[in-house]
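Student: Dropping a structure here in structure tokens format, bear with me for questions.
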Amino acid sequence: MLVSEQATMGITLYQNHAEQLLKDYVLADSFIPCTSIIGGIFASKVVYDLTQTISAIYFKSYASLSKMQRVEWNNRAISTLHAIFITTISLYFVFWSDLFSDQFAGLITLRCSQLSTFALGVSVGYFLADLGMILWFYPALGGFEYVIHHLLSIAAVAYAMLTGEGQLYTYMVLISETTTPGINLRWYLDATGKRRSRAYVINGVVIFFAWLVARIILFMYLFYHFYLHYDQVQQLRSFGLFLVSVVPLVLTVMNLMWFAKIVKGLKKTIAKTQ
């Protein structure tokens with residue numbers, strides 16, 4: 001009994017110590033940007049390495065891919081996990097959390113929390129890691145439009161993280177990452193020779209509707225929300241106002257261009273199956 005009680009006390013003390021370290025350092029206001037960004041970069045590296053190891057063991061088609069295809073395979077695993085993480089967090093803050101609710105006093109454009117800031121930092125870390133890979137292997141992992149997309153994302157997300165300004169609109173834009181897993185699955189199916197499979201066609205339809213909702217309709221809602229709360233938006237500093245106004249607009253144009261390609265590709269895929 002004495003040994004058991006001592007073990008329980010030891011575990012409790014360890015948990016309290018770990019929680020205190022988390023509170024004092026990882027989630028301390030002055031450390032959040034640094035720890036979250038480093039955490040995002042480190043997580044990207046870990047996922048890349050794990051994907052490389054697991055794929056080589058469990059996916060026979062992985063070995064038959066070219067070196068560059070294997071790099072892209074691993075890279076897309078990182079973007080998929082980041083998309084799932086940031087979409088979940090974004091949906092929570094935009095639609096379920098009280099952080100940005102109109103029911104409470106204060107400017108919604110200036111609201112933030114430790115968790116909302118930390119999550120943005122993780123996203124910045126991912127975008128930095130991904131941009132580094134895009135530039136290192138340029139243009140194999142993405143052309144000029146991907147570089148512009150990532151630079152805009154880093155600027156907007158980092159600003160919201162560091163200043164606490166416009167985090168609501170930043171999270172609204174980040175919900176658009178919900179389309180990423182479908183896009184990546186499309187690439188995986190293509191790379192493994194399943195371009196004519198039913199799964200490929202179904203995935204194309206899912207991408208169409210996901211893109212329509214998350215990157216077209218949602219952005220329309222963002223601009224509508226922006227209009228309704230423009231008196232609060234005006235309270236942002238000049239650079240923050242520029243990012244909140246211009247970045248979603250530029251991304252909307254890019255989303256429409258990519259959506260046109262998605263529609264064109266879906267038409268071709270459906271025509272081939274008939």
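Our numbering is plain: 1 for the first residue shown, then up by one each step along the chain.
Note that Cβ sites are derived from N, Cα and C of the backbone, with glycine treated the same way.
In TrEMBL, annotation is done automatically, which means it is predicted and not curated.
From TrEMBL, here are the annotated features:
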DOMAIN    68-271  domain 'TLC'
TRANSMEM  77-95  transmembrane segment
TRANSMEM  115-137  transmembrane segment
TRANSMEM  144-162  transmembrane segment
TRANSMEM  168-189  transmembrane segment
TRANSMEM  201-227  transmembrane segment
TRANSMEM  239-260  transmembrane segment
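Please situate the listed features within the shown structure.
Tutor: Averaged across the domain 'TLC' (68-271), the predicted model reaches a pLDDT of 94.
Among residues of the same chain six or more beyond the transmembrane segment (77-95), those with a C-beta under 8 A of the stretch's C-beta atoms are 44, 47-48, 51, 116, 119, 122-123, 126, 129-130, 167-168, 171-172, 174-175, 177-181, 184.
Tertiary neighbourhood of the transmembrane segment (115-137): same-chain residues 26-27, 32-33, 35-45, 68, 71, 75, 78-79, 82, 85-86, 89, 93, 99, 146-147, 150-151, 153-154, 157-158, 160-161, 164, 167, 170-171, 174, selected by CB-CB distance under 8 Å and a gap of 6+ residues from either end.
Among residues of the same chain six or more beyond the transmembrane segment (144-162), those with a C-beta under 8 A of the stretch's C-beta atoms are 32-33, 36, 112, 117, 120-121, 123-124, 127-128, 130-131, 134-135, 138, 170, 173-174, 239-240, 243-244, 247, 250-251, 254.
Nonlocal intrachain contacts for the transmembrane segment (201-227), taken as residues 6+ away from its ends with a CB within less than 8 angstroms of a stretch CB, comprise 169, 172-173, 175-176, 178-179, 182-183, 185-186, 189, 233, 244-245, 248, 251-252, 255-256, 258-259, 262-263, 265-266, 269-270, 273.
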